[in-house]
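Since the structure comes first, as structure tokens, the remarks are kept for the end.
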Amino acid sequence: METLSFLLSGFAVAATPLNLGLAALGAIVGTMVGVLPGLGPVNAVAMLVPVVFALGLPPESSMILMASIYIGSEYGGRISAILINVPGEASAVMTALEGYPLSRQGKAGIALSLSAWTSFVGSMLATVGIVVAAPILSRWALAFGPIEYVALMVFAFACLAGLLAEQPVKALLAVGIGLALSTVGIDPNSGVYRFTFGMPNLIDGLQFATVVIGLFAISELLLLLESHHAGIPARVERMGRSLFNWSEMRLTNAATLRGSFIGFFIGLLPGAGGTVGSALAYSVEKRIVERQDPEGARFGQGDLRGLASVEAANNSASNSNFIPMLTLGIPSSGTTAIMLGVLTLYNITPGPVLFTAQPELVWGLIASLFIGNVMLLAMNIPFVGLFARMLSVPAWVLVPFIVVVSAVGVYSGKSASFDLVLMVLVGVAAWWLRRLAVPMAPLVLGFVLGKLLEQNLRRALSLSAGDVGILWSSWIAVVLWTAAALTLILPPLLARLRGRKLKIQTQGSME
Amino acid sequence: MSTDRTLGGLALLMALVIAGFGWGLVAPFAYEPVGPSAFPLVTAALIGGCGLVLLLRGTGRAEPGVPGAGRGVLILSATLLAYAVLFQPLGFVLSTAAMSLVTARVFGATWAQGLVVGSILALGSFLLFDHGLDVVLPTGVLGELL
């Protein structure tokens with residue numbers, strides 16, 4: 001009951017004209033960046049970091065704007081996957097498998113409307129899941145001290161490397177680089193300048209906005225240049241009937257529910273977002289349908305059930321992503337990592353106390369997820385053609401626009417050219433790393449969590465006067481350390497045992 | 001050039017630099033058992049370890065690049081760097097117009113299209129951000145004109 005009254009107060013926060021407007025704006029912008037191949041929520045949210053401060057938005061409004069961009073892009077990613085077989089963003093890879101064949105058969109309208117509906121169901125179920133699970137988890141997490149925190153963060157990094165990345169070594173390297181970047185600047189405990197190399201601009205550390213915009217927006221433009229030269233096919237097929245009918249909905253109901261559940265639980269794991277969730281949901285659905293209905297299964301040639309489960313799963317996963325972020329302060333995707341970084345810029349410490357210290361922010365955000373999803377469904381069925389037209393915006397308009405918004409944002413922080421140069425250098429370095437398949441999500445996670453990890457580590461070691469043994473002195477910590485070791489050791493071991501037969505194709509996952 | 005082995009080598013180099021500078025970090029007054037140098041050394045160990053694995057296991061095989069993109073990437077990077085450097089001295093409007101023109105050309109626009117994009121973006125975003133949203137942008141050589 002207590003939860004219900006908190007949720008109602010959350011709706012009061014989310015329903016103010018400003019926050020409703022921001023949710024709507026976020027939903028539109030999110031769907032648009034979702035449609036554009038290459039541009040994902042993480043780029044848009046990164047570019048917004050300085051903007052929300054320049055506009056003087058309160059923390060809950062910033063979170064609402066960024067969250068609705070995040071969930072909006074999951075709706076948008078499916079549009080280009082279905083229409084032109086190019087996933088608008090990483091988690092829509094599986095959508096293209098069933099969606100594009102459908103649009104080749106002249107059923108694009110059905111595929112788009114049905115996937116909007118299952119996206120909505122997945123998102124809503126996951127948001128209900130947040131309401132139920134998050135308060136319980138946050139109460140439990142209050143027992144966490146510095147010792148458990150160190151273990152938890154190491155576990156999060158291990159998950160990112162072991163579960164998600166195709167090459168765990170590169171993901172760990174990315175974590176290391178992120179952690180190293182977080183140490184630049186004055187050390188708050190001792191007042192010592194670290195890695196500032198005599199540059200006054202580095203004394204208070206690398207600016208968060210500068211680093212994330214370089215990592216995501218600038219490097220993306222350089223990657224875009226390569227795909228631009230390779231050429232994107234932009235032929236939109238006939239739309240056909242624009243709304244699915246009852247029998248199509250009845251056919252896919254079970255798939256939608258299964259996809260939602262799989263996505264929800266996958267989304268809880270650090271690092272594994274919509275990309276892994278949708279891949280798993282697809283393979284499970286394929287196995288189930290081919291056993292139950294061998295005549296009717298058309299996987300690979302446009303099966304509505306495959307499409308329904310994939311879209312339900314990736315939207316459900318991106319919503320349940322908010323649970324570890326809000327309750328433990330451990331973001332599980334690049335986008336939620338940036339949102340967490342923004343919270344720290346507002347001097348809000350993420351973690352289990354967030355629920356008690358910032359109830360307006362937490363519940364306002366959760367309520368706005370409900371509102372945002374309704375808006376997204378309302379926008380995505382009638383106006384899908386309008387969003388699809390984004391695909392015809394030429395790159396030579398889009399790219400200068402992105403550069404200008406990025407530069408203005410970075411410059412607005414400290415009005416220093418230094419940050420602009422740093423942004424470009426970080427961007428070029430990130431482009432090179434991404435070409436070598438070094439994932440960016442672990443890097444930004446390391447950068448966001450680095451200071452917190454170091455503080456907790458030092459606090460824990462202060463308790464024991466320097467004895468490292470304290471790090472595994474509580475049972476929660478021991479469980480987390482063991483889990484971290486297993487997630488790193490088991491996947492390569494299993495892969496070797498199975499002769500590298502099964503390997504989910506997840507490329508980098510930039511969400 | 002762009003191979004796993006290069007990546008491993010650079011990572012190892014980065015680890016050495018971090019360790020080298022991190023080693024010398026000593027707090028003048030120590031209140032706690034762990035000083036400012038410990039954490040950087042841990043990250044150096046992580047980066048160095050990964051670098052070593054990549055160096056030993058790497059194939060040395062180059063990633064196939066997209067033909068024609070290499071020069072574009074070089075031009076685009078140089079343009080962005082020039083934009084960052086000239087942003088203040090030249091002022092927002094002129095530097096943005098020039099950057100947009102070159103970037104648009106790199107992405108296949110004609111000169112005319114580039115000029116249109118450049119001038120609209122430069123003036124439009126200056127009015128929007130500087131006059132509309134109170135983000136103070138440098139006026140540079142145009143000075144009092146804006």
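Using the three backbone atoms N, Cα and C, a Cβ is placed for every residue, glycine included.
What you see is a predicted model, and the numbers here were worked out from it, not measured in a lab.
Quick look at what TrEMBL annotates:
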- A:20-445: domain 'DUF112' (DOMAIN)
- A:39-57: transmembrane segment (TRANSMEM)
- A:110-134: transmembrane segment (TRANSMEM)
- A:140-164: transmembrane segment (TRANSMEM)
- A:171-186: transmembrane segment (TRANSMEM)
- A:206-225: transmembrane segment (TRANSMEM)
- A:259-282: transmembrane segment (TRANSMEM)
- A:328-349: transmembrane segment (TRANSMEM)
- A:361-381: transmembrane segment (TRANSMEM)
- A:393-413: transmembrane segment (TRANSMEM)
- A:420-449: transmembrane segment (TRANSMEM)
- A:469-494: transmembrane segment (TRANSMEM)
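In this model, the domain 'DUF112' (A:20-445) carries an average pLDDT of 85.
The transmembrane segment (A:328-349) shares more Cβ pairs under 8 Å with A:420-449 than with any other stretch in the list A:110-134, A:206-225, A:361-381, A:393-413, A:420-449. At the 8 Å Cβ cutoff, the transmembrane segment (A:393-413) and the transmembrane segment (A:206-225) share at least 3 close pairs (sequence separation 6 or more) and count as touching. Within its own chain, the transmembrane segment (A:140-164) is flanked in space by residues 171-172, 175, 269-272, 275-276, 324, 327-328, 330, 332, 351-353, 439, 441-442, 445-446, 449, 452-453, 455-457, 459-460, 463, 470-474, 476-477, 480-481, 483-485, 487-491, 506, 509, which lie at least six positions past its ends and keep a Cβ under 8 Å from the stretch. Between the transmembrane segment (A:171-186) and the listed ranges A:110-134, A:206-225, A:420-449, the one holding the most Cβ pairs under 8 Å is A:420-449. Within the same chain, residues 22, 29-30, 33, 65-66, 69-70, 72-74, 77, 88-90, 208-209, 212-213, 215-217, 220, 333-335, 338-339, 341-342, 345, 398, 402, 405-406, 408-410, 412-413, 440, 510-511 sit at least 6 positions outside the transmembrane segment (A:39-57) and bring their C-beta atoms closer than 8 Å to a C-beta of that stretch. Under the criterion of 3 or more C-beta pairs below 8 Å, with sequence separation of 6 or more, the transmembrane segment (A:420-449) and the transmembrane segment (A:110-134) do not qualify as touching, having fewer than 3 such pairs.
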